[in-house]
Every structure is written in C-alpha cells, then in structure tokens.
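Note sheet for the following structure.
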C-alpha cells in the first residue's frame, strides 16, 4: 500500500507541474518529441506502430501520428473499454477520431472528451502486431519504470507484448527521473523520449 500511496503523491505533483506549463512550451516540446521519434530507425522501418492521441497537458502526439500515417505506417490507437482494458483500432487520418463519451464500469478512469479512433475495433490483442509502442506517461525512471494516471490500462496492454518490442514513454524533460515507486504489476518500458534528450534507452 505504501508504494500505491507514494505513486499518488508523485502523480499529484507531476500533474500540477504540467498544469503550470504555458501553451508555447508545451507545443515546442511536442514538436521536439515528434521530430526525435520520426528520425528513429525503428520507427522508420516499422510497419505498424501503436500510439495514442494526446490529451490535455500530455506532450502532443497528433502531428506525430499524422506524419506516421502519411508515410504509410499502420497506426493503431487505443479505445478504453468499460473494464479499463484497451481495445485498438486503426488511425485513418484526423477525421477518424472522435471524443470519448461517458462510460459505465471503469470507475471514471480516462478523460471524458479524449479522442479515440472510430474505425472498427480490433480487440485488446491487436497490440501484439505493433513493431513499436508509444506509451503515455507522467514520468519514467532510469530503469524503465513508468508512472501513469493510475488506471492500469497500459500495464494490462503491455503485459501482452514480447520483450523484444520497443516500448517508448513520452515525457517532458524533468519527468525522466532517477527512480519511481513501483508495484509488482507495473510494466517496464525499454526507452523514453524527451524534448531535449531525444530517445533514452534503458538496459
């Protein structure tokens, strides 16, 4: 329980820091993350990438997923299920996204209005087909431990993929930290990307 309480404290601090960022800094950070990822050899060679449509104070991913789609990459985006798991559907351009409505059964996790794909669902197992997986995070530590928003959706999704898959957390510069509180179910990432450092791989 102590680690769960510690996570809650760290999460509140990180969300408050994000809320204090001005729009210009947030936009510049999103462009830097996009450029770092688009130049990554693994993404250039990937036939399929699982990503997400950023929301609120997250580093912007909309330009990134559009650029991946335009160059012919098959992009999968998540759709939150009532039990908190993630379904996946293809991204077919900006018009293939719509705001998420109210949902029963997930304890209120996920933000109302978050953009989700409108294409036919491919099921939670579809993430297994991705060559690279881009993951939202509030922070990532130097061992690859990720702190999310507390719903556990990505821990469930990442548990389905093999250790050879490149999983990358997208964070701001000061959100790549030395250590984070962890629980047994938490899934580690293989890398993180920040606006100034670019891609940082973990051993």
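Each Cβ is built from the backbone N, Cα and C atoms, and glycine gets one as well.
Since this is a predicted model, take the numbers as computed values, not measurements.
Going by TrEMBL, these are the annotated features:
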BINDING   7, 8, 9, 10, 11, 146, 147, 148, 149, 150, 151, 152, 153, 154  ATP binding site
BINDING   58  substrate binding site
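Feature annotations (TrEMBL) mapped to structure.
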residue: 7; record: ATP binding site; contacts (Cβ under 8 Å, 6+ apart): 147, 150, 180, 181, 183
residue: 9; record: ATP binding site; contacts (Cβ under 8 Å, 6+ apart): none
residue: 11; record: ATP binding site; contacts (Cβ under 8 Å, 6+ apart): 138, 147, 149, 150
residue: 58; record: substrate binding site; contacts (Cβ under 8 Å, 6+ apart): 18, 136, 170
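The number of other CB atoms found within 10 A of the CB of residue 153 (ATP binding site), across every protein chain shown, is 22. Look at residue 7 (ATP binding site): DSSP puts it in a helix. Neighbour density around each Cβ, counted as other Cβ atoms within 10 Å, peaks among the binding-site residues 147, 149, 151 at 147.
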